[in-house]
């Protein structure tokens, strides 16, 4: 260590760069060793120039790869880049995929979350990981399935310090995660530094964004030198509402696995486009989706931004080609970016506007008795974390935290929702109010006072 520190000191002095503190030089040495393959031979002082040249080349290599001004000197911008949180996988391979192009020789891949960070709720960890896998399955033919016991292809672990592989974590900051390329044993395994503060938002370190990056490695991708790519080595928060893979990420992963399986051609609509201002207009289902409200009717849906004149009508198949027409119920869990759609005895999950794999599922998996064949309407209450399902003159209540139907249900709609009678066509929640749709009319229902506060036409949202 002292020998290499001496070389770094002499090199910085001879290069004309500003003098560096000893801890900066030690940090730079460690960084170049870990990520750029710096190795300095113990040679006589007379040949030390060779080592200085080698160090300068490694600094230049790092600067070029990370898009810095290539000077070969440990200047301020270079040290700042070195101090950014990053992935623990080296940058030395100048390929979009790992050396030898390791890939999974199958399209159905299992994963298991061995333990959970205490920084986040268990369901939020599972959702972030599932969503990260979905990013890659959307652009490849790969399918991912979570298992809870045994050995999975990709084992996911939260750990601190040394944890049984080649790379001990270094505490908060620095290396935040690493992963291994496809293969047996440790191949594909993905590790997150527990000393980081993991989150589902911009605070701390966003688990979803880091997981997308690390799972790229687990699928065979190496680091990219494109700053817009999720496979760029350093971490930076990206707005989750606008996040998408870069062209470089997609080219890399599709060079290994090809593109996604092709869907059937978009079917023609079964019904003509409905008229928004028809006074007899009835909706099949209504739900919020982010900052919009979606109104479903036959093969179409309108989306509307509240308190805005912006309204648009589209075919359901234009957004989700494999979904059927005639959606009968819908609800959103906004903080999870999840929308559930129902038709007959089946339901589908939409996440970030993407149809999720392994759906549709049976409504009976939610706990409905066998006599329930369809759902008329559904709505999620974000304050209670409960979803209400309406069927004829009855309703059920589902606990979204525990993922189980509450005991003591069904109950009569008229008894517990004063002023609301069966049968309900659609319902959604917006700013403390439920909006119940029955035929061409809707009722505004105050969840605080448990009473109907307004009677409106169903299409009043369209400024008709």
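Even glycines carry a Cβ here, placed using N, Cα and C.
For the Ca(2+) 4 site that Swiss-Prot gives as 284, 376, 425, the extra residue drawn from 261, 328, 332, 400 is 328. Per Swiss-Prot, the stretch carrying the note motif 'Cysteine switch' among 77-84, 85-92, 93-100 is 85-92. Swiss-Prot lists 185, 187, 189 as Ca(2+) 2-binding residues, and of the candidates 153, 222, 226 the one it assigns to that same site is 153.
Summary of the site annotation: Swiss-Prot records Ca(2+) 1 binding at 194, 196. Screening the candidates 119, 124, 278, 298 against this entry identifies 119 as the one listed for that site. When the residues 69, 115 are compared with Swiss-Prot, the one annotated as N-linked glycosylation site is 69. Rounded to a whole number, the C-alpha distance linking residue 69 (N-linked glycosylation site) with residue 217 (Zn(2+) 2 binding site) is 27 angstrom. Close to the recorded Zn(2+) 2 site, the chain also has 89, 178, 179, 214, 216, 221, 222, 231, 233: residues not among 87, 213, 217, 223 whose Cβ is within 8 Å of the site's Cβ mean position. Helix, strand and coil counts from DSSP across the repeat 'Hemopexin 4' (421-464) read 5 helix, 24 strand, 15 coil. Across the residues of the repeat 'Hemopexin 4' (421-464), the predicted structure has a mean pLDDT of 93. Same-chain neighbours of the repeat 'Hemopexin 4' (421-464): 276-288, 293, 295-296, 302, 304, 306, 309, 311, 329-332, 376-383, 388, 390, 392-393, 413-414, counting only residues six or more beyond its ends whose CB sits under 8 Å from a CB of the stretch.
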